[in-house]
């Protein structure tokens, strides 16, 4: 079994490609099940966010695994494999695990150290677990990765004052207008990104904020937190006519701000308008950028502002990379030890069988034993067995991560009289449990 990651992100693919390869939340479970049915795929988790679509899989062979992951992606999004292949990356084994640690801790994000990705990875794992597309390896890996990322954010504080996409949006507005005093802003969407934008706008001098959302109650909840107004979704263009700055972040699958409508609007509008689209797929038609006085920015346009990270935070990243390498080594040592689990179980079962035979013999030879005495003798005998096996089992685990592990394990089985049949029976039981 091998761990293989395939994906595309803000490093490898522009936004016009990424927005075509996003798994809809309503289709997550179906995508997981469909991928699980592909040849070579033993386990899988799909992570799909505004900046990345990645699949973490356990495969029986690397080469065939790569092919079937690509085929699944092409079939799911109804695109030619040759069209998406140039934007894909692959990580195998240690590189795949290392990458997942960095992603979950926010070290690979457009926003260094951001915490949103931790929740997204955790959500992706929970959905996969509920859908039964994870097993022994990915269950262990994702639990370790999520725990590590939580510790990173708690102990290093890398997320404190982290430059966010929403922060970058506000900085772009300041560069265009200078002071934001008396500027009118319209937020289209009432999700997490809109809330982050409002937090960054606090204290910037903007007093006139209108929130527009298809579900009005969500807009009202957000407006109450930030003393903003609520506008009717059906009257969006009327609000845009009065706006200086528009920030758009919705989960719509298609653009909600169209070029034709904006062309008419800008011909009537007396002033310029800054429109920042942080949706993925994009919420504003790209052709709007050609309209005079319509200043359009998308997520990739904000990357330059976001990349201005402090030296202190970059120092933390270097330190974390060493820690991550140690975590990765620990994971693969654990994986190697999985191979001796059937041997350990076979050894324990053989010892318990011997105990049972001995207790039966004792009962026959000492019929006068009370039930309490019989139970006490059994407990003491089991304790002796556990003490006797503790050191050999510990040594076996150590041997399992050494170069000549196979030879050492065979010697161990011979010493304790464990046949191939003893071990194979346990292995079959484990396989049936996983399936």
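Placed from the backbone N, Cα and C atoms, the Cβ positions cover glycine too.
Swiss-Prot lists 50 with the feature active site, nucleophile. The feature substrate binding site is assigned by Swiss-Prot to 49, 50, 51, 52, 109, 114, 115, 116, 120. For 189, 190, 191, 192, 193, 194, the entry in Swiss-Prot reads NADP(+) binding site. Annotated site 'Important for activity' per Swiss-Prot: 99, in sequence order, evidence recorded as sequence analysis.
Positions of Swiss-Prot features highlighted on the structure.
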residue: 49; record: substrate binding site; DSSP (3 states): coil
residue: 99; record: site 'Important for activity'; DSSP (3 states): helix
residue: 109; record: substrate binding site; DSSP (3 states): coil
residue: 115; record: substrate binding site; DSSP (3 states): coil
residue: 120; record: substrate binding site; DSSP (3 states): helix
residue: 189; record: NADP(+) binding site; DSSP (3 states): coil
residue: 194; record: NADP(+) binding site; DSSP (3 states): helix
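Under 8 Å, Cβ to Cβ, and six or more positions away along its own chain, residue 120 (substrate binding site) finds 47, 49. Closest to residue 115 (substrate binding site) in space, going by CA atoms and restricting to the binding-site residues 191, 192, 194, is 192. Annotation for residue 51 (substrate binding site): same-chain Cβ neighbours under 8 Å, separated by at least 6 residues, are 9, 10, 18, 109, 110, 280, 299. Comparing residue 191 (NADP(+) binding site) with residue 99 (site 'Important for activity'), their Cα atoms are 28 Å apart once rounded. For the recorded NADP(+) site, residues 189, 190, 191, 192, 193, 194 set the reference point as the centre of their Cβ atoms, and the other residues of that chain within 8 Å of it by Cβ are 187, 195, 196, 197, 222, 249, 250. The Cβ of residue 99 (site 'Important for activity') has 20 neighbouring Cβ atoms from other residues within 10 Å, across all protein chains displayed.
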